[in-house]
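Okay, so here's the structure we're looking at.
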Amino acid sequence: MKILIFIIASFMLIGVECKEGYPMGSDGCKISCVVNNEYCKGQCSYISTQEDKKWKGSDGYCYFWGLACYCTGLPENAKVWDSKTNKCGG
């Protein structure tokens with residue numbers, strides 16, 4: 001029983017440490033793609049979190065329905081697109 005609780009707690013900690021989302025370009029829009037996963041992996045491995053610092057995401061892929069790159073394994077302070085604060089095109 002203790003092992004089961006430990007495993008569940010471990011999964012919860014892993015989920016807390018990793019952020020996911022759509023990376024933003026300099027214009028505040030999602031980075032678009034069609035079916036190019038390699039392009040998105042490159043974009044996701046070099047996400048800006050501050051003006052002068054870059055952080056690496058663990059992986060990325062082209063989300064077909066959204067026609068945009070989607071990144072996984074990002075640090076918590078990485079800037080990602082959010083529909084609530086969308087300033088794309090404005």
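Note: Cβ is positioned from N, Cα and C throughout, glycine not excepted.
Swiss-Prot lists 1-18 with the feature signal peptide, giving sequence analysis as the kind of evidence. Swiss-Prot lists 19-89 with the feature domain 'LCN-type CS-alpha/beta', giving sequence analysis as the kind of evidence. Among the features that Swiss-Prot reports, disulfide bond is placed at C29-C88, C33-C62, C40-C69, C44-C71, with the record citing sequence analysis.
Known features from Swiss-Prot, placed on the structure.
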residue	record	Cβ within 10 Å
C29	disulfide bond	16
C33	disulfide bond	21
C40	disulfide bond	23
C44	disulfide bond	26
C62	disulfide bond	21
C69	disulfide bond	27
C71	disulfide bond	25
C88	disulfide bond	12
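Here C29 (disulfide bond) is compared against the disulfide-bonded residues C62, C69, C71, and the shortest C-alpha distance is to C69. Residues in the domain 'LCN-type CS-alpha/beta' (19-89) partition by DSSP class (helix H, G, I; strand E, B; coil) as 11 helix, 24 strand, 36 coil. Using C71 (disulfide bond) as the reference Cα, a 10 A cut-off selects C40, C62 from the disulfide-bonded residues C33, C40, C62. For C44 (disulfide bond), the nearest of the disulfide-bonded residues by C-alpha distance turns out to be C69; the candidates were C33, C62, C69, C88. C62 (disulfide bond) has its Cα within 10 Å of the Cα of these disulfide-bonded residues: C40, C69, taken from C40, C69, C88.
On the 0 to 100 pLDDT scale, the domain 'LCN-type CS-alpha/beta' (19-89) averages 80 in this prediction.
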